[in-house]
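According to TrEMBL, the protein has these features:
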- A:6-29: transmembrane segment (TRANSMEM)
- A:50-72: transmembrane segment (TRANSMEM)
- A:106-321: domain 'ABC transmembrane type-1' (DOMAIN)
- A:110-130: transmembrane segment (TRANSMEM)
- A:142-162: transmembrane segment (TRANSMEM)
- A:199-221: transmembrane segment (TRANSMEM)
- A:251-270: transmembrane segment (TRANSMEM)
- A:303-322: transmembrane segment (TRANSMEM)
Amino acid sequence: MEQFFGAATTIVIGVGGCLLYFFASNLLLDRLFPASGPNISRNINRANAIRPWLFLLPALILLALYLVYPLFWSIYLSVMDAGGQRFVGADNYVWMVNDPKFIESMRNNILWLIVVPAFSTFFGLVAAAVTDRIRWGNFAKAMIFMPMAISFVGASVIWKFVYDFRPEGQNQIGLLNAIVEAFGGAPETWLTHEIVNSFLLMVVLIWIQTGFAMVILSAALRGIPEETVEAAILDGASPLQLFFKIKVPQIWGTILVVWTTITITVLKVFDIVLTMTNGQWGTQVLGNYMYDWLVRGQDSGRASAIAIVIMLLVLPIMIWNIRNARREMR
Amino acid sequence: MDNIVGQRSSLTWLVNLCAVALVLLWTIPTFGLLVSSFRDRDQILSSGWWQSVFPQEATMQYRAGAPDTAVQEGGLFVIAGNVFEGGGGVVSAFGITSREPGAFAAGEVAQTNDGYELTVAEDGSYRLTSATPFEGTRGERIFVTTTQPPTFTTENFARVLNAEGLGRGFLNTLTVSIPATVIPILVAAFAAYALAWMDFPGRALLIAAVVGLLVVPLQLALIPLLQLHLKAGIGKSYLGIWLAHTAFGLPLAIYLLRNYMAGLPRDIIESARVDGATDFQIFLKIILPLSFPALASFAIFQFLWTWNDLLVALVFLGSTQDQLVMTGQLKELMGSRGGDWEILAASAFISIAVPLAVFFAMQKYLVRGLLAGSVK
C-alpha cells in the first residue's frame, strides 16, 4: 500500500509540478515583459524569444542528464580502471580485442544483425502481402502482431518451453523435440548445441519483430498508387511478378526503415540471451556481456568499453536517421 | 484491392493457406504455454500440452495397507482398499515389481514372492489375501498403470501469486510503470509544441538531436546514471527508476508528438493568436486535446515498454525478493525453477496478461503510433 501511495504522490507531484512550473514560468514571463505599456513591441519580442525555452527546459534537462551526459561519462569510464579511479589508457580496449568471449559476442552480434532483420522483414513482407488479400486479414494481423506486446522475458519462457528436452524414451514435452521425434530423429538439448542455439535465440526475436515489420509494410503496400498495379496487370504480369517487380521496388524506402529499426533492437538485445542461456554455450552477445561485466564483474571500465562498442555500431544508423529527418523537414 | 481484374482466384486458396500457416506458427508457442499453465504438474511432465485433452497414462507406486490392518474373512487374511484413495482414474494394468510394473491386466490375480495373492480391479480397489497372517510392519508395494482423465486447474496461478511472491511483483511492476507512463507525457508535450509551433534559433538542431537520441543504446546510460543516482542520494529506488524511464521515453515522446502537432492545421493556431490567446493557452486548450491520438499512442508504447522492461529494473531497482518487478522474478524463476513448467507458465501468463489486454484494447493507437514513429 505504502508504495502505491508513493506512486500516486509521484504522479500528482510530477504532473502537478509540471503544470505549476509551466503556468508559473509563463506568468512570470508575462509580468516581466508585459504586452502593454511604453515598450510593448520590445517586450513582446523578448517574451517570444524566451518562451520556447521555458517550454523546452524540463525536457532538455532530463535529456541532457540522462542521455547526453552518460554518453561522455561512458567514454571517460572506458579509459579508467575497474573502479573508475585510475587512468589506464586504452587497456580496456586492448583487453577487449584479445578476449575470446568478446570476440564470440562480436561474432554472434554480426550473425544476429544479418539474420534477425532479414527474416523479420521477409516474414513481415509476406504476412503483409498475404493478410491484405484475405477476408480475415485483420484477425490474422492481430495474431501475428501480438508478440509485440509480450516482454522479451515472457517470450523467452514461451520459447524455452518449445525447446525443452526430455531424455530419449520419455514423452517429449517440448514441441521442437516432439516434432523431431515424430520424424524419427533423436531428441536434442537444443540450447547447449553451439551455433544452433544462437539461431534458436534469434527465432525468438524474429517472432517478436515480424509483427512490427508487417504493420509498417502493410501500410506502405496500401499506399502504392493503384494505376501502377493496374497497368502491370493489363500488361499481363503474374501475381508474383506484380509483387516483386512492381510493388516491392516502390516500398523499398519503407523496407529500409523497417530493416534499420529492427537492427537497432538487435544491437541492444539482452533479455533473451540473459534468461535463456546467459551467454553460455557460445551464445554471448554484446548487450549481455556488458551487463555481465557491470554486475558480475563489477568492472565499470570494461563494461563501459563494451557499451561504447555498441554505441559505435549504432552510430551509422543514427547519422542516417538524422539526415533523413532533416531532408524531410525541408 | 481484391476486386481488381486479373487477381486469379486459383491463388486465393494458396494465400489463405499461407496466412493460416503464419498465424499458427505465430500463436502456437504462446498457446502451448497458456494450456500448460492450467495443467496439473504431473501431467505437464508426463505428456506434451498438445495431448492434454486426452486421458493421461501414468505409472504410479502405491503401498497397500500395513499388515496390522488385515481382517480375517473365513480362513483368509485380507487387506483391501483403493489405490486412488478417493481420487478418480482407471487402472489398466498392475504389477508387483518395479521391473515389470504392468505385468498383469486389471482384474487378474498375481502371486507375490511371499505367497500372497493380489488382485487390482479397474476401479482401483485392490485385495491382498493370504492363508497365513501377514508379516512385517510395512504394506506390500503395488505398481499400477492408470489412465487419468485430463485435469485442468487454476491452482498454479494461486500458487505463484502467493507462495512464489508474484503478487508482490505485480504490484511492484504497476508501481514502476504507471508514473513512468504518465509523467513524460506532459513534459514531452510542452517540448513538442515548442519544436512544432514556436520559432527560435536552434530549433532544427534540437529536432535533429531528438532524432539522434531515439537510438542511443540504454547500455551506455546505465553505469553513469547509477553512479549519479548513488551520489545524489536517490540510490536504487522507485524515484530513480521513474526518472530513468521518463528520460528514456522522452525522445520518442517528443518525436511522435512533434510530428503529430506539426501536422495540425495552421489556421486554428493562427486565428487563436489573432484573438489574443497566449502560447500557453493555445497549447492547453487547443493543441493538447487535438493531439489525443498521438498522446494515446505514446502512452501505450511507454506503458508496454516500462511494464516489459528487464534491464532498467535490474540496474535501477534493488534485487531483493520484495523489490523485484515481475520480469525480474521470471528471470529468477527461470534460473532456480527451470524444470517447474507449471510455475513458469503461470508466472509468465500473469506477467503478459496486462500488456496483452492493453494491446488488444488499444491496437488502433498502437498501429498509428508505429506508423508515425518509424523515421520515414
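Backbone N, Cα and C atoms are what each Cβ position is placed from, and that goes for glycine too.
Contact between the transmembrane segment (A:110-130) and the transmembrane segment (A:251-270) is present: at least three CB pairs lie under 8 Å, with pairs separated by 6 or more positions in sequence. The stretch in A:6-29, A:199-221, A:251-270 that contributes the largest number of Cβ pairs under 8 Å to the transmembrane segment (A:303-322) is A:251-270. Counting residues 6+ beyond its ends, the transmembrane segment (A:251-270) has Cβ neighbours under 8 Å at 109, 112-113, 116-117, 120-121, 124-125, 152, 205, 209, 212-213, 216-217, 220-221, 223-224, 285-288, 291, 310, 313-314, 317, 320-321 in the same chain.
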